[in-house]
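Chemist: Below is a structure I'd like to ask you about.
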Amino acid sequence: AWYVPCLASLETLQELCRKENLRCKSIGITNKSLKSYEVEYLCDYKVEEGKAYYLVKWKGWPESSNTWEPRKHLNCPLLLQNFLRDKNEYLSRGREGKALKVRNHVKALKPAIADYIVKKAKQRIALQRWKEELNRKKNHKAMILVENTVDLEGPPIDFYYINEYKPAPGINVLNGITTGCECADCPAEKCCPKEAGFILAYNKRKKLKIQPGLPIYECNSYCRCGPDCPNRIVQKGTPYSLCIFRTSNGRGWGVKTLQKIKTNSFVMEYVGEVITSEEAERRGQLYDNQGNTYLFDLDYDSDEFTVDAARYGNVSHFVNHSCDPNLQVFNVFIDNLDLRLPRIALFSTRTIKAGEELTFDYQMKGSIDLTSDSAEGLSPSKKRIRTVCKCGAVCCRGYLN
């Protein structure tokens, strides 16, 4: 026998069970709960004979089961607060006139306002589910939040969260490590960076101390040192709680930090599908027509492979470009010493305040010398169609490419 994951949400399955009067203990529909009612969100408002009524969408029930309920029956202060805020938000944007309309002694919201309120409620639920999904899948302790106070856009379609590279068939991203350092207290003379011919990348405070363009060699799974080793930073994942938020100037989604980040601190990895450069060229042609791309060349040593974060990625998928960025890219080697396949880590270039958006330069200009061979290994794939830059920096170049 073989199985495929169900694409329907739990609420949808519950609605089907209730509609067909079926019990299913595994999804919470039992004899006791078959007729239970919980407010999922409020859809509309009216006043009849001096009494206020709200149209209620019941959780786990189809919309055909929505009912008008008097205010005194509702014990959902947060949902009432959301309803009022969404109504006022719509009116403040000048899309409609007055919220209440008198006709035959009945006061009611205009249909356009009620429609907006329902869309916002559905969006809020979808974003909450997406946030929960992201936090289930992540492999680090810090939280991921989601926020959209700008428009009605919901979670991205056809995007799958991953924590590490997803190699295409025939590509091995775990290759080349057979031994590790024997240090009891890293770093020692024979620690991993020195064995590779480079200096330790971090200082005693676990902050980056090397210049852009130089590689980072961290201790690996064969090393004698433990998880508290000062040379294990990137492999532990992001230590900061981050928020994926909707930008207000047409740049789509962005990422901001919820905590202060000090200079030269590791923030996140850039992950996605690892594909050949030939496949990247093919996909790039398609992405050009869409006006965006998430292709990042792994050309530290050669130009054989590319990371594509369009469908598979982590929080870095949503990090926007800036001509004056606060993040810098570094090549990292841990459990793979293949110079063609470095891991891509983003470190802070300065102190970043809580609430500030995180950005990096898609061309990697400004903080590194692009004329050097090592710097070429950090540049994203070149786009074929010029894209207008909306970063707003004083030094903005006008285009992303």
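Quick reminder: no glycine exception, Cβ is built from N, Cα and C everywhere.
Curation does not apply to TrEMBL; its annotations are automatic.
Feature list, courtesy of TrEMBL:
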BINDING   Cys181, Cys183, Cys186, Cys191  Zn(2+) 1 binding site
BINDING   Cys181, Cys192, Cys219, Cys223  Zn(2+) 2 binding site
BINDING   Cys186, Cys219, Cys225, Cys229  Zn(2+) 3 binding site
BINDING   Arg251, Gly252, Trp253, Asn320, His321, Tyr362, Lys390  S-adenosyl-L-methionine binding site
BINDING   Cys323, Cys389, Cys391, Cys396  Zn(2+) 4 binding site
DOMAIN    37-95  domain 'Chromo'
DOMAIN    179-237  domain 'Pre-SET'
DOMAIN    240-363  domain 'SET'
DOMAIN    385-401  domain 'Post-SET'
Chemist: Which one is it: of the binding-site residues Cys219, Cys225, Cys323, Cys396, whose Cα lies the shortest distance from the Cα of Trp253 (S-adenosyl-L-methionine binding site)?
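Modeler: Ranked by Cα distance from Trp253 (S-adenosyl-L-methionine binding site), first place goes to Cys323.
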Chemist: Pop the Cα-Cα gap between His321 (S-adenosyl-L-methionine binding site) and Cys391 (Zn(2+) 4 binding site) into the table, whole Å please.
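Modeler: On Cα coordinates alone, these residues lie 7 Å apart.
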Chemist: With every protein chain in view, how many other Cβ atoms are within 10 Å of the Cβ of Tyr362 (S-adenosyl-L-methionine binding site)?
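Modeler: By my count, 25.
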Chemist: Compute the C-alpha separation of Cys229 (Zn(2+) 3 binding site) from Cys191 (Zn(2+) 1 binding site), stating it in Å without decimals.
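Modeler: Here the two Cα atoms are 11 Å apart.
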Chemist: Checking the contact step here: among the binding-site residues Arg251, Gly252, Cys323, Tyr362, Lys390, which have a Cα within 10 Å of the Cα of Cys181 (Zn(2+) 1 binding site)?
Modeler: none
Chemist: When you put Lys390 (S-adenosyl-L-methionine binding site) at the centre and draw a 10 Å sphere around its Cα, which of the binding-site residues Cys183, Cys192, Cys219, Cys223, Cys225 have their Cα inside it?
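Modeler: For Lys390 (S-adenosyl-L-methionine binding site), the binding-site residues whose Cα atoms are within 10 Å come to none.
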Chemist: Just counting, how many other CB atoms are there within 10 A of the CB of Cys192 (Zn(2+) 2 binding site)?
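Modeler: Taking all protein chains shown, Cys192 (Zn(2+) 2 binding site) has 28 Cβ neighbours within 10 Å.
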Chemist: Quick one: which of these binding-site residues, Cys223, Cys225, Asn320, Cys389, Cys396, have their CA within 10 A of Cys183 (Zn(2+) 1 binding site)?
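Modeler: Those near Cys183 (Zn(2+) 1 binding site) - Cα within 10 Å - are Cys223, Cys225, in sequence order.
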Chemist: Which of these binding-site residues is closest to Arg251 (S-adenosyl-L-methionine binding site) if you go by CA atoms: Cys186, Cys191, Cys223, Cys323, Cys389?
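Modeler: Result for Arg251 (S-adenosyl-L-methionine binding site): the nearest of the binding-site residues is Cys389.
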Chemist: Of Cys186, Gly252, Cys323, Tyr362, Cys389, Cys396, which binding-site residues come within 10 Å of Cys192 (Zn(2+) 2 binding site), going by C-alpha to C-alpha distance?
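Modeler: The binding-site residues close to Cys192 (Zn(2+) 2 binding site) (Cα within 10 Å), listed in sequence order, are Cys186.
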Chemist: List the helix, strand and coil residue totals of the domain 'Pre-SET' (179-237) as derived from DSSP.
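Modeler: Once the DSSP states are binned, the domain 'Pre-SET' (179-237) shows 7 helix, 4 strand, 48 coil.
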Chemist: Would you list the other residues of this chain near Zn(2+) 3 - those whose C-beta lies within 8 angstroms of the C-beta centroid of Cys186, Cys219, Cys225, Cys229 - in sequence order?
Modeler: Cys181, Cys183, Pro187, Cys191, Cys192, Cys223, Arg224, Gly226, Pro230, Asn231, Arg232
Chemist: What whole-number Å value do you get for the CA-CA distance of Cys191 (Zn(2+) 1 binding site) and Cys219 (Zn(2+) 2 binding site)?
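Modeler: Cα-Cα, rounded: 8 Å.
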Chemist: To the nearest Å, how far is the Cα of Cys219 (Zn(2+) 2 binding site) from the Cα of Cys389 (Zn(2+) 4 binding site)?
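Modeler: Roughly 39 Å, rounded to the nearest whole number.
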